[in-house]
Amino acid sequence: MRRVVCPGSFDPITNGHLDIIIRSARLYDEVTVAVLINLEKSSLFTVDERIDILQTVTKEFPNVKVRKFHGLLVDFCKQNDIPAIVKGIRVVSDFDYELQMAQLNYRLSGVETLFMPTNPEYSFLSSSRVKEIARYGGDVSGLVPDLVHKLLIERLRG
Ligand code: PNS
C-alpha cells in the first residue's frame, strides 16, 4: 500500500488544494488529508467543519481519507504508517519555506516530502486571500469548491 499525506489548515480548502489532493490520489493507493488542529490560530471554520467539507468535496475519490492531527506532522505520519508528505508549490517563495520544513521533517523522522507544482491556474491562490475577498464581497466562485463558496457567503455575510 503506497500512502501519502496532504497536510494543511484548509481554512477553507481551495481549488488549488483540491487539485493537489486529486492528483496525489491518482498516483498513490491512499491519500490522507490531515487537518492541523492549531489552538493558537483563530480560524473561520472549526476543525470538524473543515473535515466535513473535505469529506464532501473528496467523496468521489475512495482512496482519499480525511483526519485531524495536532503536534508534529511526522509523528502523525509514523503513527499512521505514512512514509511521505505531498506539498503543493505555487511560487518560488513557497519552495524556500517548504524546503527547510522538508529537510527538518526528514531529519526528525526519515519521512520524505514530495513537491508537486501547483496548477498555474491556482498559483496565486491561498485560503487567506479567498477569505479576504469573500469578506469584502468579492467573487470567489471558481477559486473554491461550490460548497465552500456557499458556506463562505453564509459565514461572512450572514
Ligand atoms: O495550510 P498550512 O497552514 O500552510 O499548513 C501547514 C502545516 C499544517 C502543513 C504545517 O504547519 C505543519 O506541518 N504543522 C505541524 C507541526 C509540524 O510538524 N511542524 C514542522 C516542524 S519542522
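Including glycine, each Cβ sits where the backbone N, Cα and C put it.
Keep in mind the model is a prediction, meaning the values are calculated, not measured.
Record features, source TrEMBL:
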DOMAIN    5-132  domain 'Cytidyltransferase-like'
BINDING   S9, F10, H17, G88, I89, R90, E98, Y122, S123, F124, L125, S126, S127, S128  ATP binding site
BINDING   S9, K41, L73, K87  substrate binding site
SITE      H17  site 'Transition state stabilizer'
### Task
Using CB under 6 Å from any atom of ligand 1, narrow the binding-site residues S9, I89, E98 to the ones that qualify.
S9
#### Entry: DSSP residue counts for the domain 'Cytidyltransferase-like' (5-132), split into helix, strand and coil
58 helix, 29 strand, 41 coil
### Task
Please report how many Å separate the Cα atom of S123 (ATP binding site) from that of K41 (substrate binding site), as a whole number.
24
### Message
What's the number of neighbouring CB atoms sitting within 10 A of the CB on L125 (ATP binding site)?
### Response
20
### Message
Just checking a number: largest C-alpha distance across S9, K41, L73, K87 for the substrate site, rounded to a whole Å.
### Response
21
### Task
Any same-chain residues 6+ apart from S9 (ATP binding site) with CB under 8 Å of its CB? Would you list them in sequence order, or say none?
V35, L36, N38, K41, S43, R50, S127
### Message
Spatially, which candidate from the binding-site residues I89, E98, L125 is nearest to L73 (substrate binding site), comparing Cα atoms?
### Response
E98
### Message
At a 10 Å cut-off from the C-beta of L73 (substrate binding site), count the other C-beta atoms across all protein chains.
### Response
22
